[in-house]
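J.: Sharing a structure, written as structure tokens. Questions coming.
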Amino acid sequence: MITEDKKEEKSLNFIEEIVEADLQSGKYTQIVTRFPPEPNGYLHIGHASSICLNFGLTKKFPGYTNLRFDDTNPVTEDTEYVESIKRDIRWMGFEWKHELYASDYFDTLYDFAVSLIQRGLAYVDDSTSEEIAALKGTPTEPGKDSPYRDRSVEENLVLFEQMRNGDFPDGSRTLRAKIDMAHINMLMRDPILYRIKHAKHHRTGEKWCIYPMYDFAHGQSDSIETVTHSICTLEFAPHRELYDWLIAQLNIYPSHQYEFARRNLNYTVTSKRKLLQLVQEKHVSGWDDPRMPTISGLRRRGFTPESIRDFCDRIGVARRENMIDVGLLEFCVREDLNKKALRRMVVLDPLKVIITNFPEGETEMCHSENNPEDVSTGNREIPFTREIYIEKEDFMETPSKKYFRLAPGKMVRLKGAYIIQCDDFVKDENGEVTEVHCSYVENSKSGHDTTGIHVKGTLHWVSAAHAVKAEIRLYDRLFSVEDVSSEEGDFKDYINPESLHVITGYAEPALLDAEEGQSFQFLRKGYFVKDSDSQPGALVFNRTVTLRDNWAKAAEK
Ligand code: ATP
Ligand code: MG
């Protein structure tokens, strides 16, 4: 799937082809797109695809992109979401031309509805939603006309105004388009345009107690904004006929709708409704929990805007729904951070090593490059002392043949410092190695090595006296099954109970200067980012990704 899409990436995707043709034919001289989130949750990785597509089009072709909040549902929407959406789009590297709200068009939409009523194209229906559903028919059977369908224009105008004035309770009446109850497209069987909802709206307050339905707001908002290419996801394909019908009947600017496939990521859910449940029921710490597939969660986890844009480019734009491997997203962030992240040494599971021939109480400064991929970042100082920590897994009492790390009698290089040789080790009563005794080789210091000794293994390490303790949060997939929505029962039954491990790491002192949100490569351990929970003297790091794809390796076995 990914390879197929990669081909599309090099040439134009199918929506870009449509736009290019429209510009070449002179149909448009510039295009207008919009990103239309409903402010009822935080943006997730699926939205990132839509953002890259909509904003990407007007970067590539003449025109601009608006941000339009599709805020026609007063109950679930909130200003907190509006702010988070704006922050996330800007963080992704995009800027909109106009910030717009569907709710700003409530007066215009009301007038549109009145004009439909006046021309006999809409009517007030007193049926309950059950009664409406009962007459709707099925895909193979036509529906039946509502008993209220033939009300006079005058009566409809009065009733609709009363609806607006708050004379009726919720759910007691609707305004419906008068199209065709036998239409093969079920959405054309007199769709509901307005419903009564006595609820406070986050922007219009108590002004309205009737709210337009999606179908009677979206296309009309597009038209008011002269959107040329209105891009949405595939599930809206059957709505296109109604979209076109309403625009034609109202005789307003002819925006056109195009559909592309939703993007789903494995081992997670991309539905705001489900993500909201995870937050409300405290399965995660919030919308920006680093395990969440939200843009704010990915940011806190250490993903970069570049890596997310690269991911969206690579998966491209498809006409069929498919599941994208989260491994691709991780690949993209490794690619990006490899170029940018400063290298640091942090021991996650310490074993003490005593360099017996190094004087007690003495500190020698070693140097190592901040990032070998970017020499402009220079070197940093690393203190070397008699007692250091290495990873437990970097010592083996009886090594296998291919083990090039530390073992009795064996030599390794300490990154940026000396070659050491293991002379002895100490075990506790459980047989666990608690201390390793080594001697360093004189004249073997990195960059000044005149010994000619060749060692195969290089280990990361920290001086025990200088080590800074840091809380390290190790994350795994939030769900333990690949395709969460295809599983039976409650999706929350599939939450991975092992998705967070908190350990204490021993960091080299240079990490005391880390800034919040700054990413590092912890040598041999992965990419990590300084978390916002950090306090002066209490560092917290999130692991963004390991250096290699452990999941792919596990799958091969
Ligand atoms: P959710 O089901 O998560 O609530 P939504 O489609 O209701 O998603 P909106 O706020 O209405 O969320 O979406 C804004 C835009 O982002 C829409 O154009 C929508 O089609 C697009 N979008 C949402 N989810 C995805 C996805 N998984 N892949 C691609 N585009 C998406
Ligand atoms: Mg929606």
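Any Cβ shown, glycine's included, is placed from N, Cα and C.
Note that the coordinates shown come from a computational prediction; the quantities given were computed from them, not determined experimentally.
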J.: Write down the single range among 37-47, 356-366, 422-432 that appears in TrEMBL as motif ''HIGH' region'.
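T.: Motif ''HIGH' region', as annotated by TrEMBL, spans 37-47.
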J.: Which stretch, out of 144-148, 269-273, 304-308, is listed as motif ''KMSKS' region' by TrEMBL?
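T.: When 144-148, 269-273, 304-308 are checked in TrEMBL, motif ''KMSKS' region' belongs to 269-273.
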J.: In terms of DSSP three-state secondary structure, what is the assignment for ASP70 (L-glutamine binding site)?
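T.: The three-state answer is coil.
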J.: When a 10 Å sphere is centred on the Cβ of TYR214 (L-glutamine binding site), how many other Cβ atoms does it contain?
T.: 15
